[in-house]
């Protein structure tokens, strides 16, 4: 950025000197350039023109999308390795073996790669913020909320089982007693303390928190965010393209598919976490089949009572499963209601046919009322059979009741159908009303103009009449004199 000023011709000369290039010896105007940025700092393309900014913004968005995909893949790889290690360690290989150390080393390596990818992702995000807000210093983007979010993400992604790296005699030195079971519930040495089992269990379960990256990947890879038309129309309507908006779009377009994928993934994940928690007590819920059954009946809020969790961790998993089951049931009911509801055209056809049927029944009811009136009148004229007279009176009152009931039903149906006037029909009605108002306005304007012309003519005629009267009176006065 530079500020340019044109100096006028100076009246006095400054000792024949140039004064830092301000004035030439010939007295001509001189251009002064004052840089607003720091001296010695070269402007990068990001700080330059708009074309460079748009290009760099596009490249940064592509880099963010690629880094998010790699981070999600690395997180899923770490979770799969953790599940594989937890399933194979007590059965296939023993704790402390080379296989256990290798798989735990791979888990730690994937965790380190995930942390690097998270840092790179936020680095690209900060650069994108700088481009969007036309800032130079990156420290402006480092707000307290951003720093807290990055720190929380790094802590969540850094969680993984680390008890295998501890020395086997640590539990003895801490005063712990060796366990008597030959098969430990988790991949830990028998000399470890019981609290280390709980730590290993907690760290293994908390690795599922890495799945928060799913919502970021869905947002960055969605067609809603990648479409320029979506972004343009959304910016005009002040729409924030967040994961909530993308989730609403997916639930409107693919409701059954989205719910099915979420429910199946949650069912399997919760069942394995329950098995991991219950395996520590060596109870029947430690099996995968029993855990699947318990999660299913808890998710559906049935709860037969044949099996129940025994550990605090298992009870917590079942509690969370029940809450998610209630939420998913509510969403499933909403989706089924939307699928079973009639659309606008079907409602119009249905109400039209119901109106026709009710109108036909009203005509029949009116005919029944007239028929019963005639029969009652005929029995009244005879005055012989009082039982038949009372019978026709009852029939007449019943016919009147049916007629009134059908009229009320037709009125309710038409009131409900009148609320479903579509936008196109309402627009046509408003256009017709506007055209009628315009024609009435033009007609009224023409009438006003014609009235003004007639009033002008009347004024001129009154003026000419007054002049003629004045002249006649003047002549009469002259003749009188």
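Placement of Cβ uses the backbone N, Cα and C atoms for every residue, glycine included.
Whatever TrEMBL says is automated annotation, not expert-curated.
Quantities reported herein were computed from a predicted structural model and do not represent experimental measurements.
Here TrEMBL flags 67-86 (among others) as transmembrane segment. Long-range neighbours of the transmembrane segment (67-86) within the same chain, counting only residues 6 or more positions beyond its ends whose Cβ lies under 8 Å from a Cβ of the stretch, are 100, 103-104, 106-107, 110-111, 113-114, 117-118, 120-121, 124, 157, 160-161, 186-187, 204, 207-208, 210-211, 213-214, 216-217, 220-221, 272, 276.
Marked as transmembrane segment by TrEMBL: 98-121 (among others).
The transmembrane segment feature in TrEMBL is assigned to 147-166 (among others). For the transmembrane segment (147-166), the residues of the chain that approach it from at least six positions outside its boundaries are 75, 78, 82, 85, 95-96, 100-101, 104, 107-108, 111, 114-115, 118-119, 122, 187-188, 192, 196, 199-200, 203-204, 206-207, 209-210, 212, judged by C-beta separation under 8 angstroms.
Positions annotated as transmembrane segment by TrEMBL: 195-213 (among others).
Feature annotation from TrEMBL assigns transmembrane segment to 254-274 (among others).
Residues 185, 263, 266-267, 270-272, 274-275, 278-280, 317-318, 321-322, 324-326, 328-329 of the same chain, all 6+ positions outside the transmembrane segment (286-304), place their C-beta atoms under 8 angstroms from a C-beta of that stretch. Residues or ranges marked as transmembrane segment in TrEMBL: 286-304 (among others).
Marked as transmembrane segment by TrEMBL: 316-336 (among others).
The domain 'Calmodulin-binding' annotation in TrEMBL covers 355-429.
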Exercise. What counts of helix, strand and coil residues does DSSP assign across the domain 'Calmodulin-binding' (355-429)?
Worked result: 68 helix, 0 strand, 7 coil
